[in-house]
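K.L.:
Please see the structure below; I have some questions.
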Amino acid sequence: MAVAVTAVLFLAVVIAPQWTETKKPPRPSDTSDTSGTSGRDRRTMCPLSIPGIVQNCYATLNAFPSKECCKDLKTASKREVTCLCNNVIAHPDPLYTNTNQVNKACGVLDKYACDAGNSNGGATKKIVASMGLFGVVASLFF
């Protein structure tokens, strides 16, 4: 009986925060393509609007970016930052694995955080993880 109660409490503790967590609406792709094509086509067109940044900064596989790269990253518009976040940084290609190192070296890590609108800084996931761990530990003792 105690095992069943512990199992139910464990599931309630782990699952409940996921039910009460607010969900963000899906973000539309921010692209330069206004021809009315499908979202998938527009997402693939977005990197074409910023080839210089991708080529000079992320495609080099070098953690030490050039001055030109840093200048481009620092002067990028909000539209370009959103495009890079949605297509290169958030969904990295194996060729672009150095995005965080390049952004950090150029001093623009905060600008390219890609989820700056989330003000809790991942606290929800930490709470869920700690509650799940508590449930596992509690189930060992009861």
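Any Cβ shown, glycine's included, is placed from N, Cα and C.
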K.L.:
Looking only at C106, C114, which is named in Swiss-Prot as the disulfide mate of C70?
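P.N.:
Checking Swiss-Prot, the candidate bonded to C70 through a disulfide is C106.
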K.L.:
Out of C106, C114, give me whichever of these disulfide-bonded residues has the highest number of other Cβ atoms within 10 Å.
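P.N.:
Selected residue: C106.
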K.L.:
Near C114 (disulfide bond), which disulfide-bonded residues out of C57, C70, C106 have their CA within 10 Å?
P.N.:
none
K.L.:
Is any of the disulfide-bonded residues C83, C85, C106 within 10 Å of C69 (disulfide bond) (Cα-Cα), and if so, which, in sequence order?
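P.N.:
Those close enough are C106.
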K.L.:
Among the disulfide-bonded residues listed here (C57, C70, C106), which has the Cα closest to the Cα of C85 (disulfide bond)?
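P.N.:
Result: the closest of the disulfide-bonded residues to C85 (disulfide bond) is C57.
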